[in-house]
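As structure tokens, the structure follows; a few thoughts come after it.
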Amino acid sequence: MSTFPKNLLEGYQNFLDGTYSQRSDRYKELALKGQNPETLVIACCDSRAAPEIVFDSGPGEIFVLRNVANLVPPYNAEGRYRSSVAAIEFAVVSLGVRHIVVMGHGRCGGVAAALDERRKALDEGDAIGHWISLLDPAIEAAAKGGESSSCDHAHDPGAGKEASEADLRRTAVERMSVSKSIGNLRTFPYVRDREESGALTLHGAWFDISEGVLWVYDPDNETFAPALER
Ligand SMILES: [Zn+2]
């Protein structure tokens, strides 16, 4: 008897009956011609913030890189960060995406872990610890109260609870890390060249999972604002 998760098989059946049967021509076309997505979305692994669901994207529409806390390492980072760098290189250089969206989200466990005062000193086997140490510049900048860390109306308290000091701090770091990741993208020579020529545009966003609100980063004044009136 198969031990494959039953809920996944049920979901797959729904996909076959729904999305796949409605869009089978598109899937066949993509199989024959290859993918040509216009946008790379860099998002967290978190099960509550899937870009294809948030953006209601169809097959072939967005190229997605997901990692813990939606981080972009600096281009010249150590080898342990290279899988994310490889995905970015493939999207930009091989696929020629025209947009990169770094999307953070509320209640990010990766950010919460980086802020945890009980965080231990790094040892070689601590993959998550090494990875989330990439958040240190965002934690530092948020502590200094940069504009992009402003959390007015963005406390994502959930279930009607008041935002605690810890919630506000986490939100500030979640947002600051988006702008830091955009800064790190500009350390990639092929990203910088394409941005300067106008072939590529970088964007930041933050998804409030409790209210479903997408906040978009405004680089001119380093703040976030809701993407749409609701
Ligand atoms: Zn997360």
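Cβ coordinates come from backbone N, Cα and C, glycine included.
Over in TrEMBL, the protein carries these features:
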BINDING   CYS44, ASP46, HIS105, CYS108  Zn(2+) binding site
COMPBIAS  150-167  compositional bias 'Basic and acidic residues'
REGION    145-167  region 'Disordered'
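Excluding CYS44, ASP46, HIS105, CYS108 themselves, the residues of that chain whose CB lies within 8 A of the CB mean position for the Zn(2+) site are, in sequence, ALA43, CYS45, ARG48, ALA49, ALA69, ASN70, GLY104, GLY106, ARG107, GLY109, GLY110, VAL111, GLU174, PHE207, ILE209. When other Cβ atoms within 10 Å of the Cβ of CYS108 (Zn(2+) binding site) are tallied across all protein chains shown, the result is 29.
When secondary structure is read from DSSP and collapsed to three states, HIS105 (Zn(2+) binding site) falls in the strand class.
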